[in-house]
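Residues or ranges marked as domain 'MARVEL 1' in Swiss-Prot (evidence: sequence analysis): 13-149. Residues or ranges marked as transmembrane segment in Swiss-Prot (evidence: sequence analysis): 45-65, 87-107, 124-144, 158-178, 191-211, 225-245, 273-293. Residues or ranges marked as domain 'MARVEL 2' in Swiss-Prot (evidence: sequence analysis): 154-298.
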Amino acid sequence: MDSSGGAYLNVDAIWSKVGFVRLLQMLFGCTTFSLVLHRAGFSAAYGTFCVFVWAFCFALTILIVTCELTRLQSCLRSISWGNFTAAYAMLATLMTLTAAVIYPMYFTSLNCSSSDCSTKYFRLAVSVCAALLFVTYAVEVFLTRAKPGQPCSYMATASGLLKVVQAFVACVIFGALASESQYKKFVATQWCVAVYSFCFGVTMVVVILNITGRALSLCCPFERFVVIYTVLAILMYISAAVIWPVYFFDSKYGSAKRPSRCTWGQCPWDSQLAVTIFTHINLILYIADLIYTQRLRIVAQR
């Protein structure tokens, strides 16, 4: 017989603000991919990615709600539940935002493709539900974020949330690199790929250490390790932010203008531009991470 005390079910997992938002996530998530599979349809890698995002987020949200409702998360000794849910909410926000942009861009049209307009209406409904799904995950991030004067998990802080965004942006960069980017053309651009890979790897280690609750078991202070790594990542990203555009958009090596005969979706110039943009975005994210961490340290010492 269970002697742990307290009710078997945690009603707050549903009736709290966060619980209600998660119920909406399950509703919109299930509705979105059900509409796609029923009539709206999808094709190619873009459509498959969108359906995967909606199904993955729906399944994992159900798992989180079930664990919190039945208090099963207390049995997961190897996981820091607060860090896990905060990191997942941020990741789901980014993934659903991407899907909410991609699906309407490639599959939704205001014109009917045939005499039957039902497919158009289904795809419009999918686009609306996908946008609402993104909003619900963004609201969860807002509700569970770290608040001044309250104890919180590291992944719920601005620094922790930025780590998830940095890793996600790196994945976008890897996707662009794999799509006709021609990064092997120069040794210098291969260095840029090494920068992206190294920073992504260390960022993932930081996230995993927090989710598994092993961040405090390091031989050196975790916060100091993160600050040192962030400074190194900024320096490395600065080099990539300079090198990549020079070797692909300077007239000596490449072209500053998009080739007129470049096919949409198969154009190396487009991939190179995407890498450039997201490299600068990640550089800004790492700088913001360092500024926030330093400001938090100064406030804590007062």
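Note: Cβ is positioned from N, Cα and C throughout, glycine not excepted.
The predicted model assigns the domain 'MARVEL 1' (13-149) a mean pLDDT of 89. For the transmembrane segment (87-107), the partner stretch with the most Cβ pairs below 8 Å, chosen from 45-65, 124-144, 158-178, 191-211, 225-245, is 124-144.
With Cβ pairs under 8 Å as the measure, the transmembrane segment (225-245) is packed most heavily against 273-293, out of 45-65, 124-144, 158-178, 191-211, 273-293. Under 8 Å from some Cβ of the transmembrane segment (273-293) lie the Cβ atoms of residues 158-159, 162-163, 165-166, 169-170, 172-173, 176-177, 181, 183, 192, 196, 199, 223, 226-227, 230-231, 233-234, 237-238, 240-241, 244-245, 248-249, 258, all in the same chain and six or more residues away from its ends. Simply put, out of 124-144, 158-178, 191-211, 124-144 has the most Cβ pairs sitting under 8 Å from the transmembrane segment (45-65).
Taking DSSP states H, G and I as helix and E and B as strand, the domain 'MARVEL 2' (154-298) has 113 helix, 0 strand, 32 coil. Same-chain neighbours of the transmembrane segment (191-211): 79-80, 83-84, 87, 153-155, 160, 163-164, 166-167, 170-171, 173-174, 177, 183, 218, 222, 226, 229, 233, 236-237, 239-240, 243-244, 275, 279, 282, 286, counting only residues six or more beyond its ends whose CB sits under 8 Å from a CB of the stretch.
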